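**Student:** Before I ask anything, let me first share the structure, which is written out below as structure tokens.
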Amino acid sequence: MMKSLTFLKPYRLTMGAAIFFLLVELIVELYQPYILSKIIDKGILNNDLSYVTKWGLVMLVLSVVAFIGGVLNTFYSTHVSQSFAFGLRKSLFEKVQTFSFTTFNFLPTSSLITRLTNDVTQLQNTVFMSLRIILRAPLMVVGSVVMALILDWKLSFVLFFILPLLFFFLNWMVQKGRELFKRVQENVDSVNSVLRENLMGMKLIKAFVRNDFEDERFQVINNNLKRKTATALKTMEVTMPVLLLFMNASILVVLWYGNSKVHSNQSNIGEIVAIVNYISRITSTFSVFSFIIMAFSRARASSERIEEVLTIEEDFIEKNEGNKLRNRIEGKVQFHDVSFQYPNTENDVLQDISFVAYPKTSIAILGSTGAGKTSLFQLIPRLYDVSEGTILIDDQDIRKMNSKELRGQIGYVPQEALLFTGTIKENLLMGRENASDEDVYTAAKHAQIHETILSFPNGYESKIGQKGVNLSGGQKQRLAIARALLRKPSILLLDDSTSALDLKTEAKLIQSLKEYDCTIFIITQKISSAINADKILIIDDGCLVEEGTHDSLLESSKLYKAIYYSQYGREEIPNAKGAN
Ligand SMILES: Nc1ncnc2c1ncn2[C@@H]1O[C@H](COP(=O)(O)OP(=O)(O)OP(=O)(O)O)[C@@H](O)[C@H]1O
């Protein structure tokens, strides 16, 4: 919890102001039963109206002061809690940006979303309540005890019995509450995770008619959340009746003992009224404690989860400590006996891969699904580092290169063309922020998407998504390619990025890529995308099993021939140029 609390440091002064006004409110409130006892004993019982009026007015003024104190305390508490949450969210977001893919393997997206939203809100509420209610509770208890003792310590002796009992009870509630709310928070996480999956995969769920199954799945975890929350709240609810019992019993003792003291002239009625008032304040404040326990138990669980994110060591890949690149990369890529294993897994997904891609050539990578093609791609921009072997770019080990600068020279179009909220132009400019309009149009033309963009009512300024244009899979793919081309990369990685294009558009696109002075890697399932490549690599079960040109592989490789026949039929065996 301590690390999260350091985010309160910049607001020490404002917190001071909030606490000051809380104290003003509290002192005034504590003083009021005392004045009340004087009004009863000296004013009402002596029939002294001027005394009653005078002290009645004082009580009124004090009530106004308490009100102003309360309002100002709320004002400053809100400011502190909102600013605290803002800072925490900002830091968490910045931290997540530094995560390597390895870290994302440990912390799933749904859990990160809960941590950045629910957990931060939980802490924000606790900070607010601490400054407004939580701090007030112990001070109110101590203040009431002191005031009651000042009024009549003999009459207040009952407090010496009741307070230890109340503390014992409170301690039990703290232990119980912590456990119960930790479980509630875990269940909130599960609900979020299933909700997220469902909302993102709605189309798939409908297409596979999985609604009933998903409904049932959600019911189960929703039910778990309901049960755990109900158990936690019910346990906490026990507090109130127990406290009422304590309160009524102690008031009864005060009244019984007070009665004999009044008759023997050792006490006044006003004092008894004031002490009863203090006792009810003490016990009702203890009822706030159950609320406080709930808040703290939840905040504790939330802060643990937040701190887990904040304390993750930055992966050395993302630290960008490698050598700066002096010049533009030429684009020679060499794999030397590269093996790779995902973090926390046991088997290599790539084994002993070796090949050379010369600058400005094109390399097509074919292979069945799950063969390891995407994994191989991810090693080039150092999204992951190799487990064994080396990857050289321009004869330099990429582990010695500054990863940020290396990625700056690579255009990567992932399998799933992801576009961000914003206009088409804004999405394209992610490739190169300072690109001119002319550069943007050229990249879009080469990606065969320029005409389509112009056909939208707002052209390049069209918004993407819910309130803007909806794009087809192929259009998204071409926009993602245009984004990568705008970067004028030295190495271009296309991960099955032309899968949704028709053959003619795809052929034009591949042709226009030649205008870019870069080494092109294309993962593809289609022979048509591979046929003109300078080199074709066939990956099977993590191993490089064949390497060559279309013509040489057609001669020598049974596997390539089989793929070829499955797509073109047996009759046609054209050479590379012919098949296009
Ligand atoms: N983040 C990950 N953590 C652990 N294993 C992974 C991860 N991503 C992929 N794998 C595993 O690595 C293997 C290779 O996956 P990869 O995505 O590289 O295959 P692929 O050839 O690109 O497949 P496809 O053509 O279907 O995209 C698969 O067995 C997959 O289950």
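Numbering starts at 1 and runs along the chain as it is shown here.
Yeah, the Cβs are placed from backbone N, Cα and C, and that goes for glycine too.
Annotations in TrEMBL come from automatic prediction, not curation.
Per TrEMBL, the feature transmembrane segment maps to 12-35, 55-76, 133-151, 157-174, 238-258, 278-296. If you look up TrEMBL, you'll see 17-298 marked as domain 'ABC transmembrane type-1'. Residues annotated as domain 'ABC transporter' in TrEMBL: 333-566.
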**Student:** Which residues, given as numbers and ranges, are at least 6 beyond the ends of the transmembrane segment (133-151) yet have a Cβ under 8 Å from it?
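**Tutor:** Contacts of the transmembrane segment (133-151) (Cβ under 8 Å, skipping residues fewer than 6 from its ends): 19, 22-23, 25-27, 29-31, 33-34, 37, 126, 159, 163, 271, 274-275, 278-279, 281-282, 285-286, 288-289, 291-292, 295-296.
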**Student:** Average pLDDT across the domain 'ABC transporter' (333-566)?
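**Tutor:** Summing pLDDT over the domain 'ABC transporter' (333-566) and dividing by its length gives 88.
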**Student:** Considering only the recorded stretches 12-35, 238-258, 278-296, state which has the highest number of Cβ pairs under 8 Å to the transmembrane segment (157-174).
**Tutor:** 278-296
